[in-house]
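Structure, as structure tokens:
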Amino acid sequence: MGNSASVKMNDKRRWQSESAMSPAPPAHCNKTGVPFSAVKQSQATSGGKCTYSEMERDRIGLWGSGDGQPTSGLSGLDHLKHPGLNKGMAFTIEERQLLGIHGLLPPRVKTQEEQVELCKLSIDRYENPLNKYIYLMGLLDRNEHLFYRFVADNVAEMMPIVYTPTVGLACQKFGLVYRRPRGLFITIHDKGHVYDVLKNWPETDVRAIVVTDGERILGLGDLGACGMGIPVGKLALYTALGGIKPHQCLPITIDVGTNTQSMLDDPLYIGLRQRRVRGPDYDELLDEFMRAVVRRYGQNCLVQFEDFGNANAFRLLEKYRNKYCTFNDDIQGTAAVAVAGLLASLRLTQKRLSDNVIVFQGAGEAALGIAELCVMAMKGEGTPEQEARCRIWMVDSKGLIVKNRPEGGLNVHKERFAQDHAPVRTLAEVVEVARPSVLIGAAAIGGAFTPEILRKMANFNEKPVIFALSNPTSKAECTAEEAYSNTDDRAIFASGSPFPEYRSKSGALFRPGQGNNSYIFPGLALGIICAGILDISDDFMLLAAEALAEIVSDDDLAYGSLYPPLHMIKDCSVKIAKKIVEHAYNTGKASVQPQPLDTEEFIRAQMYSVEYGAALPPAYPWPDNQPRVAII
């Protein structure tokens, strides 16, 4: 019996050590004590439909903010193999001896600072950005604390690798770079069993999910299951830039197929080899997914939708926004960061937002999201809604969006911005007619802002505002150099992808700001989690935009940057989260009670520390004057 128990314990520890994600194994029975096999059997006989009660929850209320890692069942090898526990050569000699790993590491003890320097030397050896990405993902798989410390200390250099633009290349080559599980794949074939798949994720204290169906990955199109690189990269930034604990983050890809033939023909493609499923089956899968998330992780688990196709993105946002804790970063996050840049630009142009005429190249998720938040901001300045909408001109693939357009192509979202004007076919013609002061590109059409268009903007405005927001860099509407050189260095420029510094003919130095969503979503998510917000309305998005604009300093503006330096992004996240939390309590949307006396201190107390903790549990003395019992 003892040997059997020992074998079982060793097997359990072996499972924990070799887990690709976390050592906490899932339970084997539901809360009623019914074996899951019986539940699966009942679902299998019900025609694939979900039959569990929607009233049942695995989690009710708010849990504590601990790391979720018990120390009682861990071996010394677990500390070496588990990325959340591993410290590499930073284990002290005492820790090595007491954990039974002495001799398994070289005798030298390193500091984390020395390890960070080694990481810098190692990654600099690679010239190919994809190889840098593979190195960083390998580091994340080995040593979480070191990965997040390295990224946090080198944000400007590492963010283009962890996320856009390199993550786009990683998604295209995901079958080549995939090494080990870093998230969940839920397929159309799992319909009726989504909750069972969620239970396979070893962590139960999940606070934030980023989910994609891979249909519109950046500006690259339908990459299907290879889109998993986006949720993984996004949640890595949740932790590195927002301090959300890694074990509380869950990347998910909904695989319903892909319509990209090159993916289906690729022998390295990792997803379902079928055309994309649409219609009722797709909707039922997404509905079941949202219910399963609530059942497993609670009503206040944040679900961020990422890189869904335009039609589904708007439709799902409207469907779920008042029922679940959810937002769409492509629509709302992009809107917040773009509006933050516009609000900061007002300090240079000395205008109100309502005084501008804005032309959009594109009328998809990002453009419509920005436009709607601009309307909300203009209304806050006292401008009537219809007047605000009339100041926004949108151009899609069929030309200017106008009422009763002969070419059609309008939906309910576009119709809200339809101008009472004759059809205009090209962007250049729209710029000539509208004479905008702000030009925003969000259609992933590289080079759309031609020198001719940029020169027109300079003719119409003393300080034209040019936002080339499309990703990756190859899809940018123009470069920073093109924007400055074609406007006599008078442009106020921001982009979605990073561009190098630019020196004008007069010798002035410009540091173009990157309107990266990473300025918004980590702080937004941190505030949502800290306050326990159950539904996310647009006032939180505008508040985040205003908070970010306030952080931009006069020195930033003097260098032509509408955003703070990237190395400040973690402090930006805390300040945005503070605004979110305070607004949540003021509007009665916070479920965490009581309200903290010091909001910022409370937020920082919940954040993940990149520093190594002690590998050994605390030891403390007990009194030795206890009564002694004589042994007979």
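Backbone N, Cα and C atoms are what each Cβ position is placed from, and that goes for glycine too.
Those TrEMBL annotations? Automatic predictions, nothing curated.
Bear in mind that the values here come from a model prediction, so they are computed numbers and not experimental data.
Quick look at what TrEMBL annotates:
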type	residues	note
REGION	1-33	region 'Disordered'
DOMAIN	140-321	domain 'Malic enzyme N-terminal'
ACT_SITE	Tyr163	active site, proton donor
BINDING	Arg216, Asn471, Asn516	(S)-malate binding site
ACT_SITE	Lys234	active site, proton acceptor
BINDING	Glu306, Asp307, Asp330	divalent metal cation binding site
DOMAIN	331-585	domain 'Malic enzyme NAD-binding'
Alpha-carbon distance [Asn471 ((S)-malate binding site); Asp330 (divalent metal cation binding site)] in Å: 12
Return the count of C-beta atoms lying within 10 angstroms of the C-beta of Asp307 (divalent metal cation binding site), excluding that atom itself. 26
Neighbouring recorded positions, C-alpha within 10 angstroms of the residue listed as 'active site, proton donor' - of Arg216, Lys234, Glu306, Asp307: Lys234
What's the CA-CA gap between the residue listed as 'active site, proton acceptor' and Asn471 ((S)-malate binding site) in angstrom, rounded? 15
If you measure from the Cα of Asp307 (divalent metal cation binding site), which of the binding-site residues Arg216, Asn471, Asn516 is the nearest? Arg216
Note the Cβ centroid of Glu306, Asp307, Asp330, the recorded divalent metal cation site, then list each other residue of that chain whose Cβ lies within 8 Å of it, in sequence. Thr212, Arg216, Ile217, Ile230, Phe305, Phe308, Ala313, Asn328, Asp329, Glu365
Alpha-carbon spacing, Asn516 ((S)-malate binding site) to Glu306 (divalent metal cation binding site), which is rounded to whole Å: 14
Around the Cβ of Asp330 (divalent metal cation binding site), how many other Cβ atoms lie within 10 Å? Please give the count over every shown protein chain. 25
Could you state the whole-number distance in Å separating the C-alpha atoms of Asn471 ((S)-malate binding site) and Glu306 (divalent metal cation binding site)? 14
